[in-house]
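Trainee: Take a look at this one; I'll ask things after.
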Amino acid sequence: MNPNQKIICISATGMTLSVVSLLVGIANLGLNIGLHYKVGYTPDVNTPNVNGTNSTTTTIINNNTQNNFTNITNIIQNKNEERTFLNLTKPLCEVNSWHILSKDNAIRIGEDANILVTREPYLSCDPQGCRMFALSQGTTLKGRHANGTIHDRSPFRALVSWEMGQAPSPYNAKIECIGWSSTSCHDGISRMSICMSGPNNNASAVVWYGGRPVTEIPSWAGNILRTQESECVCHKGICPVVMTDGPANNKAATKIIYFKEGKIQKIEELTGTAQHIEECSCYGAKEVIKCICRDNWKGANRPVITIDPDMMTHTSKYLCSKILTDTSRPNDPNNGNCDAPITGGGPDPGVKGFAFLDGENSWLGRTISKDSRSGYEVLKVPNAETNTQSGPITHQIIVNNQNWSGYSGAFIDYWANKECFNPCFYVELIRGRPKESSVLWTSNSIVALCGSRERLGSWSWHDGAEITYFK
């Protein structure tokens, strides 16, 4: 074989080996891609949820050569593993005073940041923690659309939630449902949220569960179908919700609707001696749910609805104590009334409020002013639910009477690792119109406190924004 033939032979052999190597590489790449997509498209029903990833990185430097080794461990959990319905078996914790839990300072921050205009706020917890909720007005404090947000009902309102302690903004708020009245609660497996929307004479409710709309409820009295404006409570999957449709200053039609996974299980007309029900603040303990409400028609004493979620039944009455907790209200009388409203007070027909009724361990919240939504205090009133002579044995200032308050309501972190359910409450700190007409908007910040067995001091947790900075 001459030299030219040798060169041609060697070249041909090299080219053949190169082509074979290229084909092997292509086949290997195709096999890897195919296996990747085969795993990635395995049906969800056969694939456990990947709930988290732990990774650790080790760096070793030898003779100026750096090697990085990363170990990745996937934490695998089957769907609904360790997820069960909340069971309200524990009692309330003993409370001797209240410690601060959260304060969002939304109005102060909103002076130079994009903060949502809200009202009717509350807190609600789930197995992962607690979130703040409110009805947004679809605009920010600095936006021109903030003009006119003193009005309660519009097509632009939505129930939003955000991480506890932050101020609500367009960037951190999650829309739960659309509407101008709401409630929301977690049953241990998923969250149910309810929003009312529509015109006054034909409003409707949409019930969401697990992030999807499940049930729709039409108006039954044609007069502002509305609900609690704070969290509902669930027991063994049953979540009762109090709804009212009808006049705010006369007899209205109230119903207790029992839901499971967003679907109606039973509807009850209001029974008992309560004459008017709005904006109930509910909590659960010892397999009973108690709702402390607002009588916007007659009573300066608050109506109480006691619900048995196992039997899906209820009764209603009035808070027996002579300590009146609605606003406006007359002076505290010498005797309370368990079965009828106590009338009197100024022109303001009422405000949302709360109480925890637990025998000797009972606490009531109210504005300090009898006539307006200013200041806020909580009073320990043993046996307030049953004793017409019961009076306060201690109290704690939450907001001093030189500052505005607003709605208040109950909530509990039912998943906290305690031997009892620790009572918590929030106070809405309203700013802007109508009391502060130099700005165009009406909005709020939130302060929240929880019970303590210790005897802690009082402080004023007022909003703290300088309205003059907004001019």
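Each Cβ is built from the backbone N, Cα and C atoms, and glycine gets one as well.
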Trainee: Which single residue out of Asp308, Asp310, Asp326 does Swiss-Prot record at the Ca(2+) site shared with Asp295, Gly299?
Mentor: Asp326
Trainee: Identify which of Cys320, Cys338, Cys420 is listed by Swiss-Prot as the disulfide partner of Cys93.
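Mentor: Cross-referencing Swiss-Prot, the cysteine bonded to Cys93 turns out to be Cys420.
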Trainee: Pop the mean pLDDT for the region 'Hypervariable stalk region' (36-89) in here, whole number is fine.
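Mentor: The answer is 49, the mean pLDDT of the model over that range.
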Trainee: List the residues of the same chain that sit at least 6 positions away from Asn202 (N-linked glycosylation site) in sequence and have their Cβ under 8 Å from its Cβ, in sequence order, or write 'none'.
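Mentor: Residues satisfying the criterion: Pro218, Ser219, Gly222.
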Trainee: Name, in the order they occur in the sequence, the residues of the same chain whose CB lies under 8 A from the CB of Tyr407 (active site, nucleophile) and which sit 6 or more residues away.
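Mentor: Residues satisfying the criterion: Glu120, Pro121, Glu229, Glu279, Val351, Lys352, Gly353, Val427, Glu428.
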Trainee: Name them in sequence order: residues not among Asp295, Gly299, Asp326 whose Cβ is within 8 Å of the mean position of the Cβ atoms defining the Ca(2+) site.
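Mentor: Sorted by sequence, the hits are His276, Arg294, Asn296, Trp297, Lys298, Ala300, Asn301, Arg302, Pro303, Tyr318, Pro341, Ile342, Gly350.
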Trainee: Given the recorded positions Asn147, Asp152, Asp295, Gly299, Asn403, state which is nearest to Asn87 (N-linked glycosylation site) when distance is taken between Cα atoms.
Mentor: Asp295
